[in-house]
Amino acid sequence: MEGTEARQRRLEGCGRLKELGPLPSHDAGRLPKASEEGHLAVSESQLVDAKSLEAPPGRETSLIIGFQVVIPFLLAGVGLSWAGLLLNYFQHWPVFKDVKDLMTLVPPLVGLKGNLEMTLASRLSTSANTGQIDDRQERYKIISSNLAVVQVQATVVGLLAAVASLMLGTVSHEEFDWSKVALLCTSSVITAFLAALALGILMICIVIGARKFGVNPDNIATPIAASLGDLITLSILALMSSFFYSHKDTWYLTPLVCVGFLALTPLWLFIAKQNPPIMKILKYGWFPIILAMIISSFGGLILSKTISKHEFKGMAVLTPVMCGVGGNLVAIQTSRISTFLHMWSTPGVLPVQMKRFWPNPCFIFCSSEINSVSARVLLFLVVPGHLIFFYLICLVEGQSVTNSKIFILLYLVAGVVQVVILLYLAEVTVRLTWHQALDPDNHCIPYLTGLGDLLGTSLLALCFFLDWLLRGRANLQELVSELVSVPP
């Protein structure tokens, strides 16, 4: 099977080949045959002992995982809270008021940043944990090719995100202004390009630093990226779009800049070709990112339709937090499961305890298996995390969001429901992609973060709507009781 030799080298680098025994040999491009039940037909020599899936003494426990995750998670939440405050501020800028599709563009563009950086962080974390970046020459090769691939993806999908936002916005617009189309496309491409470059360099520094200090990069890389990612992306988008809006009379400026950034694509392709395994991402990795962008665009449509309505006051502030927390936690879990499979199995071969594609939710959240332990830790962070971030937002911008007890309860329930769904789907999608000999780092995280954006935006809008209904009903009952108590 393609990739078996590479995986064997990774296992040898980790010193775990003895524990696993010899790796199975398959013909190139062929997978193990599936059983009649749809599960893998795995020989006894290929099965991983069930005990190895449990957290052994001296390895990662819930306390260790929680200790490594909680600080980056809180930092990420602070960054997401500030991103929400910025979005609430930017929505009043002239360019956001005049170019309505800019607000529709926010979730897919922020989600694109998240998809690219989280998949990059996950790939680099897997490379670090399997010892591939310990060699200086190999490290340079992996880093440069990964950065180049991210730049190509950011440029192309940034343009597609603008097109998707325009298509969704066309339904509600009567006229089609080409100057606004050029502004939206150029702002999207530049934002995606610069944000991907800045965050990619940050990810590289974090993963290499974590490796040197003996910290698992899977636990800290994606949260730290999220702590600055939304801030950087929103700031660049607002500044670039405002700049081009102020120079809208110079008709050739936006097309010229957009073409200039697109013209850099061959350079990134040349750099990426230096590492053939990474180059495969450009051949087969487009569909997950584009589909995730489309899913996020529907979340952006919900945001643009609700953000200016009185009953949804606070939607702009809380959307980055709700979407970001869910996407953050599921990216951590996906990266951990992916690393686990890279270290303990080979592509196409699932460990015996993971052979079911649709596992029992109780196994996902209540077993002693190491991935179940991490799922519980991440789930336990949701409620206290959201309370802290909500409190910070109320301190800074209390008048922009309702703080009724009913809404807070609905908000917390929505956050838990979102993360439970995403963590379960993380386990399912990783198993399915690994069964197909695909890398979960590249194929699962985009789907899950895109779905997290749509779920987060939808559930948050539902919270505001239910709170408005319940408060309206309570006010109506209070008014009726006052009228009844008034003497004739």
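The backbone N, Cα and C atoms fix where each Cβ goes, and this holds for glycine too.
Record features, source Swiss-Prot:
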type: REGION; residues: 1-36; note: region 'Disordered'
type: COMPBIAS; residues: 1-19; note: compositional bias 'Basic and acidic residues'
type: COMPBIAS; residues: 27-36; note: compositional bias 'Basic and acidic residues'
type: TRANSMEM; residues: 63-83; note: transmembrane segment
type: TRANSMEM; residues: 147-167; note: transmembrane segment
type: TRANSMEM; residues: 189-209; note: transmembrane segment
type: TRANSMEM; residues: 220-240; note: transmembrane segment
type: TRANSMEM; residues: 251-271; note: transmembrane segment
type: TRANSMEM; residues: 284-304; note: transmembrane segment
type: TRANSMEM; residues: 377-397; note: transmembrane segment
type: TRANSMEM; residues: 406-426; note: transmembrane segment
type: TRANSMEM; residues: 450-470; note: transmembrane segment
Checklist outcome for this item: Long-range Cβ contacts under 8 Å made by the transmembrane segment (284-304), restricted to residues 6 or more beyond its ends, are 100-101, 103-108, 110-112, 115-116, 149, 153, 156-157, 160-161, 164-165, 168-169, 315-316, 319, 323, 438, 442-444, 446-447, 449-451, 453-454, 456-458, 461
Checklist entry - Under a Cβ pair cut-off of under 8 Å, which of the recorded stretches 147-167, 189-209, 377-397, 450-470 contacts the transmembrane segment (406-426) most often? => result 450-470
Item to check | Stretch with greatest number of CB pairs under 8 Å, the transmembrane segment (377-397) reference, 63-83, 147-167, 251-271 candidates | outcome: 63-83
Next on the checklist: Can you see whether the transmembrane segment (147-167) and the transmembrane segment (63-83) are touching - at least 3 CB pairs under 8 angstroms, only pairs 6 or more apart in sequence?
Outcome noted: no
Checklist entry - Is the transmembrane segment (251-271) packed against any residues at least 6 beyond its ends, judged by a Cβ distance under 8 Å, and which are they? => result 144-145, 147-149, 151-152, 155-156, 159, 179, 182-183, 185-186, 189-190, 193, 244, 282
